[in-house]
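This report refers to the structure that appears directly beneath it.
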Amino acid sequence: MKAYNIIVLAKQVPDTRNVGKDAMKADGTINRAVLPAIFNPEDLNALEQALRIKDQFPESKINILTMGPGRAADIIREGLYRGADGGILLTDRAFAGSDTLATSYAIGQALKKMGKIDMIIAGRQAIDGDTAQVGPQVAEKLGMLQITYVEEVLEVTDKTVTVKRRLENGVETAKCPMPLVMTVNGSAPDCRARNAKRIMKFKKARTVTELQKENEDYTALYNEHPDLMIQEWTVNDIETDASQLGLTGSPTKVKTVENVVLQAKDSKIISAADDEIEAMMVELIKSHTIG
Amino acid sequence: MSSVFVYCEIEDGQVADVSQELLTKGRTLANELKCKLEAIAIGSKLDKVGDQIIPYGVDTLYIADDERLFPYQTLPHTSIVVNLFKEQKPQIALMGASSIGRDLGPRVSSALHSGLTADCTSLVIGDHYDKKQDKNYENLLYQIRPAFGGNIIATIINPDCRPQMATVREGVMKKEILDPKYKGKVVKLDVAKYVSDEDFVVEIIERHMEKSKVNVKGAPIVVAGGYGVGSKENFKLLYDLAEVLGGEVGASRAAVDSGLAGHERQIGQTGITVRPKLYIACGISGQIQHRAGMEESAQIIAINTDPEAPINSIADYVITGDVAEVIPKMIKYYKKNSK
Ligand SMILES: Cc1cc2nc3c(=O)[nH]c(=O)nc-3n(C[C@H](O)[C@H](O)[C@H](O)COP(=O)(O)OP(=O)(O)OC[C@H]3O[C@@H](n4cnc5c(N)ncnc54)[C@H](O)[C@@H]3O)c2cc1C
Ligand SMILES: Cc1cc2nc3c(=O)[nH]c(=O)nc-3n(C[C@H](O)[C@H](O)[C@H](O)COP(=O)(O)OP(=O)(O)OC[C@H]3O[C@@H](n4cnc5c(N)ncnc54)[C@H](O)[C@@H]3O)c2cc1C
């Protein structure tokens, strides 16, 4: 029976779809503390595509790779609850301030350490940075083919994957050789629910750092239940060139950030009078909402 | 001075709207920087694209014409753009934030190690002082874009790497022919020098593209009309507003049921869900089934004759007035105040 080695890229993101009145600090930065941290929605669509391949080829292995702060270990637990086999948290201060290129470089270097990979499946886009750039850039860093906007994996054969792509004004069916990076659209099927048995089993899955915080004896736990170990890699676990990491390795710099959320939803009440409508249009142009 | 470059998307021999819009923007930027505007067209049977592209003020159009280059595929198009950029070293490169541009752009930027800013809503030239290095940068491209689900606007710069790359969605920039008789030159590339056979590994089995599409879902601005709009004539005003703002027209079910708008535009529980950065609800009461499809919009303007309409409670701006009176004023004052 054929088996595939699949890596799912998943990012923990603030839930920008439910931005309330206190989501922005006075200085215009995001108040991450009040926004729930969630599994990036399209990464769940990506995970589902991976799980479907595993349904068909049960010997396949799915590992989740996430780069982020320590609490992003939640992403791996969530993946385990839904059927992934394991995961790696890539976490280090050296990655802070990465743009998509530095992010892709770090993720690419981690992937290079993961042995022979058949498929890397990412979400199309993360809902915080909103760029959809990391998938294609990871592919380029690894010298792999990328296939974006996947809605459905139609067929996996020995060496090829056939997919349906959903483009902005049409659909395309393409047959692509492995290994490759796929990015999956939100229009793909939703991810299956957590499995109750798997929750029972994996709710104790931890990174070393988490266990140290909880004062647990991790050697004992990992010896007894090796599958509860969430691997944690820092910059020292992968080969990197420091000039390509974090802020230094990021060609793009954020010069300024403006908050465009109106304070609360206290509506501005205006009449149809000319001056009031003009004032509103000027405000909308200034805030780059229009224009 | 190195050039401003635009990647032109071509379908059925026609240059995509988004590319024409970028050519217009590219010309403005090139004028400001006193440099050339250049463009690349990659595809098959491109004899006529020069006539479409040069009039936007393009000084050099590079054409890569080969049967295998249409439809778009990632690897061959990337190879051509990367190799051409290595030769020509543009300072700025623009692409559509379309399924093609957002597939190609990141790959090219990674290969050249140059920054790429996604989905810009505005591009302007400006200076930058870097405190840490005590260094002044002149004439950088300010790439202005929304992020965090439209809740913030960031200005992004690429101080050191070239080209400064940006993608822009269709409808964000205006398109305008500069001069139908503009004198630009066309350079045909020797395709074999830019791509290798290994670039053609993907087999496209099937492809269905629709020509004109109503894309309410992807529109950054939605002007939606309800039963209160009253007539097809008044609905026309909504199209006018959407056109000047670069948005799309949506509708409530009551408006669709009464024939004021097509079904593909219906927003709500039994229609589509939209999350634009601006939603303008015109003559819509705001019943829960409608709100289900639009309440995550970043900003909402409600125009309603009823000051107590339920929609008002989720609106950022509540305009109490008649659609037929308010919309023409919005158009007028937008035109007056936008550059
Ligand atoms: C306001 C603002 C604007 C920004 N604009 C830009 C910009 O225009 N250009 C730019 O280069 N950078 C930009 N950045 C930086 C960018 O958001 C970060 O580099 C971010 O970590 C990755 O980009 P993304 O969220 O856009 O991911 P996307 O490229 O949208 O993510 C696509 C997919 O890649 C995978 N993925 C992404 N990140 C991770 C991760 N950490 N771990 C595992 N998988 C992952 C996921 O599968 C995800 O679905 C911006 C940041 C801010 C705060
Ligand atoms: C199962 C189910 C599913 C549904 N799904 C949807 C759905 O997907 N989408 C949807 O939209 N609805 C849906 N509906 C219908 C929904 O309940 C409402 O009936 C519908 O949204 C009302 O549309 P409306 O606001 O345009 O019309 P109305 O409720 O008639 O409101 C018209 C508004 O226009 C205002 N007005 C009148 N004249 C003017 C003027 N000259 N200028 C400015 N304002 C004016 C009025 O004050 C009023 O507020 C669904 C209903 C059910 C039961």
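For all residues, glycine too, the Cβ spot is worked out from N, Cα and C.
Listed in TrEMBL for this protein:
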type	residues	note
BINDING	B:252-253, B:266-270, B:283-290, B:N304	FAD binding site
DOMAIN	B:4-204	domain 'Electron transfer flavoprotein alpha/beta-subunit N-terminal'
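Every protein chain shown contributes to the tally, and the Cβ of B:T270 (FAD binding site) ends up with 13 other Cβ atoms within 10 Å. In the structure shown, the C-beta of B:S252 has more C-beta neighbours within 10 angstroms than that of any other entry among the binding-site residues B:S252, B:Q266.
By neighbour count, meaning other C-beta atoms within 10 Å, the densest spot among the binding-site residues B:I284, B:I288 is B:I284. Classification of B:G268 (FAD binding site) by DSSP places it in coil, neither helical nor stranded.
Confidence across the domain 'Electron transfer flavoprotein alpha/beta-subunit N-terminal' (B:4-204), taken as the mean pLDDT and rounded to a whole number, stands at 95. Around B:H290 (FAD binding site), the same-chain residues at least 6 positions away in sequence with a Cβ under 8 Å from its Cβ are B:G226, B:S252, B:R253, B:I267, B:G268, B:Q269, B:I284, B:I311. Following the DSSP three-state reduction, the secondary structure of B:H290 (FAD binding site) is helix.
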